[in-house]
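Per TrEMBL, these features apply:
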SIGNAL    1-31  signal peptide
TRANSMEM  135-152  transmembrane segment
TRANSMEM  159-182  transmembrane segment
TRANSMEM  227-248  transmembrane segment
TRANSMEM  304-326  transmembrane segment
TRANSMEM  332-351  transmembrane segment
TRANSMEM  358-377  transmembrane segment
TRANSMEM  389-408  transmembrane segment
Amino acid sequence: MAKLDLNRLMLISAILRLILVFYGEWQDAHMEVPYTDVDYLVFSDASAMVASGRSPFERSTYRYSPLLAFLLLPNSWVHRSWGKLLFSSADLLVGLFIDKILKLRGVPENFRVWAVISWLFNPFTFTIGTRGNCEPIVCAVILWIIISLLNGKVLQAAFLYGLIVHFRIYPIIYALPFVLVLSKQQLNSNGKPVLTPWSLKPKPIQVPTKKMGPISHLMGLFTKQTLLFGVISGFTFVFLTSIFFYLYGWEFLNEALLYHLTRTDPRHNFSIYFYHIYLNHQKGFSIGEKVVSFLPQLMVQLALILRFAWDLPFCLFVQTVAFVAFNKVMTAQYFVWFFCLLPLILPWTTLKLRWQGLICIFAWMGSQLHWLMWAYLLEFRGKNVFLPLWMTSLLFLASNTIVLVMIIRHHKYSAVFASLAETDVSKRRKVQ
């Protein structure tokens, strides 16, 4: 069997995505159910309006940064599939970034290759971009931020973070772990952070034994690195938002940003909140109801961040899984948010594909397919199955929780950055 290498994988993946883009064109023209995501039609229409000098928000349901509409201008000038090719290219870039991150952390090539395969040949991921969903761009930028932090390029990471939060608001949940991990980052004489190398038996993350009060902990967050990250990312976000507010006014602010903070979707989706929202959407929701639905998500996020922030990729992964699982709206495209982070933690897991890994996969996939069966009966057969559908949403939440707990229990925690003291000790041991 020929040895697997990254270049060959990338070539096969690119060909697969090109085939799917061309196939999508054929299916859209010849079959009743289109291959192209309905959101892609919204993006394209908004971009066409920008090309004609109008606001992208004249297209109903366009609730994204105008940057996306500008990126898709060649849809009007070159070909309508330009966006799909752009998103698929970002999808391939994610594969390269996964390999880069794992290489920086000292993971052997054979482990890296299988981690990249888990992204490039995941049916969820290679169909997202080819159907015209923009999430691969977000995934690529998130991984680029991680690479920048590992290389000590705080300015670059900060700029990219401000950019991507403007582009897609959900990465705001990563602000605290970024700050926490930067507050403990130590640089060597070359101005580079010292990374903890990958090991089959990594050392447990050292918890400081020195007792510190909450004020001391809080003051410890204000370092040159964290302040630089906060100022630059905040400025980038405000600058981009100000430009588009000047161009498109309150309509941009309401549709692209504020809408996502208060969104309640009465249509059926994977979230456990959808049925309550469906029953009460017309009369609105009290402040108490909004707080109650938000608190579980907030508490879980804080617990995960405070426990796992030093193991940054793992922290971002478990954060994202929990954020999606407890969100008031959950659609299949959100799964890509954590699928791009999953390969970054695989070299540190003790889960074996047989049988624990298969149990996790089948539990997650099985509960999702069960939900889709009831959703089909509701949407395509017109049957009143709202209650069973909501119950399967509860089952899907349970499966997400169980799988997340399994992953946490079988993860070998390893802080991304090592302290200079630990590095000096290891060097002395090598000399001896």
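Here the Cβ of each residue, glycine as well, is placed from N, Cα and C on the backbone.
Beyond its flanks by at least six residues, the transmembrane segment (227-248) meets 55-57, 65-67, 154-155, 157-159, 161-163, 165-166, 178-179, 182, 256-257 of its own chain at Cβ-Cβ distances under 8 Å. For the transmembrane segment (159-182), the list of distant contacts is 64-65, 67-68, 134, 137-138, 141-142, 144-145, 148-149, 221, 223, 225-226, 229-230, 232-237, 239-241, 257, 260-261, 301, 305, 309-310, 312, 315-316, 319-320, 323, 337, 416-417: same-chain residues at least six beyond its ends, Cβ to Cβ under 8 Å. Outside the transmembrane segment (135-152) by six or more residues, the chain places 71, 86-88, 90-91, 93-94, 97-98, 100-101, 104-105, 125, 128-129, 160-161, 163-164, 167-168, 171, 174, 178, 181-182, 185, 187, 191-193, 195, 312-313, 316, 333, 336-337, 340-341, 344, 416 with a CB less than 8 A from a CB of the stretch.
Sequence-distant neighbours of the transmembrane segment (358-377) (same chain, 6+ residues past either end, Cβ-Cβ under 8 Å): 268, 270, 351, 383, 385, 388-389, 392-393, 395-396, 398-400, 402-403, 406-407. For the transmembrane segment (304-326), the residues of the chain that approach it from at least six positions outside its boundaries are 101, 142, 146, 149, 170, 173-174, 176-178, 180-181, 184, 205, 296-297, 334-335, 337-338, 341-342, 344-345, 348, 397, 400-401, 404, 407-408, 411, 413-417, judged by C-beta separation under 8 angstroms.
Using a Cβ-Cβ cut-off under 8 Å and counting only residues 6 or more beyond its ends in the same chain, the transmembrane segment (332-351) has close neighbours at 37, 39, 94, 98, 101-102, 107, 111-112, 114-116, 118-119, 122, 124-125, 128, 133, 135-136, 138-139, 142-143, 146, 170, 198, 202, 270, 311, 313-314, 316-317, 320-321, 324, 357, 360, 406-407, 410-414.
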